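K.L.:
Quick one: structure below, then a few questions.
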Amino acid sequence: MKQHSRKQPMFLAFITFLAVTLHQSFAATDVPSTAAAPQTTALPPAPPARPERGNYTVTNGNGTICLMARMGLQLNIRFSSASLNNTVQDVLNLQPNVTKSSGSCDSDSATLLLMAEEKTNLTFLFSLNATSSKYHLSGVTLSAAWPDMSEPFSASNSSLDYLRGTLGRSYMCREEQTLAVAVNFSLNTFQLQVQPFGLTGDQFGAAEECQLDEDDMLIPIIVGTALASLVLIVLVAYLIGRKRSHAGYQTI
């Protein structure tokens, strides 16, 4: 009887092992022979580096420079891609060495036209208020026909109010600015200095800096003032503590 009781657990363990093995074998036959390949998501292309700064001028009928601009330009465009059959966002730096400038100057308006590669034409329209002697960028137009565009791109806005300056002075902004033009187009400017009215010779007038540059200069001033105040507080506390210590010695 004792031998029979020892063999029964071994028999049950063998039956359990056999059942598990058969279950795993049948489960393996249910798995499809070819597994679906894991899906991969294409990463967006890295944005280009900061654009090179270009020098652009416009001359009037007698050959005198009437508009000057120095700036790096970056185009942000959303367009329909022919190869991807989808809407994509692309960023393009304007290369000064392959960009030609032209335009015109009137008493209260000035136009700068930049013609780059791949039929990319960018137009700036500046307007002058003769009463206040203030000017601003009032319009921007872009047309382009890049190879991957399903159709030529065009965007325009003639009711802008950017780059505000005073007649006879230039507008300057060293920091990067983003000028929203249309829902599918914005323009980034870098190290910009422009003067569309009141030029004397081929030199910019006194620069009026943008708010971004003023804020950038203000931060070091605030930090320096805070550090100087902290040093002053520590010095005063030290002198007060020393004076009290000296008074204590005199009392003793």
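Any Cβ shown, glycine's included, is placed from N, Cα and C.
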K.L.:
Of the candidates Cys105, Cys210, which does TrEMBL name as forming a disulfide with Cys173?
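P.N.:
In TrEMBL, Cys173 forms its recorded disulfide with Cys210.
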K.L.:
If I restrict to non-local contacts, at least six residues apart, and a C-beta distance under 8 angstroms, what lies near Cys210 (disulfide bond) in its own chain?
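P.N.:
Listed in sequence order: Tyr171, Met172, Cys173, Glu175, Gln177.
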K.L.:
Among all the protein chains here, how many other CB atoms are within 10 A of the CB of Cys173 (disulfide bond)?
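P.N.:
For Cys173 (disulfide bond), the 10 Å Cβ neighbour count is 23.
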